[in-house]
Amino acid sequence: MARKNAKGRPSKERTTLPEPKKDEEKTTLVFFHPDLGIGGAERLVVDAAVGLQERGHRVVIFTNHCDPNHCFDECRDGKSPSSPSTANTLLRPGTLDVRVRGAMLFQMSIFNRLTILCAILRHLHLLFIIYVNGELAALEPHAIIVDQLSAGLPLIAYLCPAAPILFYCHFPDLLLARGRESAVKRLYRWPFDALEQWSMTYAHTIAVNSLFTRDVVAKTWPKLIRQVPIRVVYPCVDTTVPKDKDLPKTLEGEKVLLSINRFERKKDIGLAIKAFAAVPEGQRKGVRLVIAGGYDPRIDENVQHLKELQSLASSLSLTHATIASTDDISSAPPIAEAPVLFLPSVPGPTKDALLRAARLLVYTPAAEHFGIVPLEAMLARVPVLAATTGGPVETVRDGTTGWLRDTTDVQAWADVMSQALSLTDAQARAIGEAGARRVREGFGRDRMAERLDYIVNEIRQWKPMDSYFVALLVTLSVTALTFVLGIGGAKAYWNIKEAVLAVWADVSEASSQSA
């Protein structure tokens with residue numbers, strides 16, 4: 001089993017980190033991330049990798065999937081967007097050394113179910129490949145940084161006993177799983193929940209993205225925080241001024257209310273549409289609500305939720321248009337014809353242009369773990385409207401850099417929209433300058449990289465944990481058990497589905513005969 005406190009590992013969290021020494025040794029750092037798509041977690045990994053690389057370290061990222069058509073520019077460099085990534089692809093030369101491995105044997109899900117099982121199997125497959133082909137050993141990593149998926153930590157510790165592990169916990173996965181009201185789902189999730197907590201004890205340090213997440217982790221795993229130090233490492237934004245991209249002619253002269261989020265139900269994007277509809281019609285004249293963000297056609301929820309939002313806008317008598325990522329935003333209809341504009345999967349330069357055009361960022365998620373988009377908006381001198389819970393409470397200063405409002409009060413959000421649209425140029429500029437100053441002082445990429453650099457240097461001073469042979473056997477046993485449970489669950493789901501369809505066919509046939 002994992003040791004309760006590895007020798008040399010501090011048992012208590014430090015609330016402050018000393019500044020790193022300028023002459024610290026430069027090292028090879030290996031990252032593991034499941035899917036390098038477009039999202040807050042992926043943005044954090046990319047920024048951390050680039051920041052550490054800029055500090056002189058060699059950085060390599062291993063992932064199961066990285067589609068050049070749906071990833072950040074730093075991961076896309078060096079590979080043609082027209083050629084999607086394969087199971088063994090090296091995206092080089094470019095900003096980052098991204099290596100795609102272990103994508104062919106296991107799919108992302110089984111019948112749109114068992115995603116956590118498939119993610120674990122894909123991760124273990126990746127580790128197996130880079131171990132067998134000698135790729136991991138050839139890198140001789142000085143430290144390993146893992147995020148999102150902790151199940152492979154014991155195996156990583158076994159394969160690289162000399163390399164300390166930093167695990168970045170964006171949020172406890174057991175709290176993100178849906179459908180726990182079902183006894184079957186709770187039974188299915190039990191081994192994965194247990195594996196998540198147990199495997200995290202193999203990290204030398206756990207980093208979290210906010211004080212909010214740290215408190216949630218402490219409540220969820222009280223024993224874990226007594227075994228492994230917890231550090232708060234805020235995500236960041238690149239504070240260098242991006243190259244100006246001309247505003248699309250469609251947006252010139254418009255007042256833009258901007259929402260940027262992944263197209264997921266938990267993001268509560270519908271709140272922005274409802275609040276916009278509640279703004280007096282006269283004040284909405286010449287104003288466009290732009291709904292932009294991450295969209296992956298492989299993910300059913302993204303596809304379904306975009307349709308739901310379109311239907312919501314129609315039900316509120318708001319005409320709308322949707323511009324695909326492959327189309328030019330300038331092809332959007334005039335504002336009078338489409339006051340609501342949906343932009344799924346916008347590229348980085350377009351997002352920057354949208355931020356420069358926005359009068360207000362409408363950031364709707366409640367209890368968001370951190371929220372990187374408000375930082376991007378404040379850096380672009382855009383006031384932010386966000387929820388009174390979660391990470392934005394730590395970044396947005398109510399009344400100074402934006403507004404914090406209860407997400408259950410649609411009218412309160414509509415009132416802030418009206419207020420933002422009524423600001424004078426001087427008032428908007430004052431709020432914008434305050435936001436940009438706050439981001440530069442506390443949330444720059446160099447600051448995050450500096451903190452990570454210190455933590456990596458710190459954990460490298462600790463002695464390796466004891467033998468991992470027993471831990472390896474336990475990991476393989478748990479993996480085998482979850483695999484059996486997963487296959488059994490998939491088979492049961494398929495059988496039940498077929499039975500229900502058969503019964504429905506019989507009922508339909510009987511009804512037609514009686515008629």
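Using N, Cα and C of the backbone, Cβ positions are placed for all residues, glycine too.
What TrEMBL records for this protein:
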- 1-24: region 'Disordered' (REGION)
- 10-24: compositional bias 'Basic and acidic residues' (COMPBIAS)
- 38-240: domain 'Glycosyltransferase subfamily 4-like N-terminal' (DOMAIN)
- 251-321: domain 'Glycosyl transferase family 1' (DOMAIN)
- 340-434: domain 'Glycosyl transferase family 1' (DOMAIN)
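Residue counts of the domain 'Glycosyl transferase family 1' (340-434) by helix, strand and coil are 44 helix, 21 strand, 30 coil (DSSP-based).
For the domain 'Glycosyl transferase family 1' (251-321), the predicted model reports an average pLDDT of 95. Using DSSP to sort the residues of the domain 'Glycosyl transferase family 1' (251-321) gives these counts of helix, strand and coil: 33 helix, 15 strand, 23 coil.
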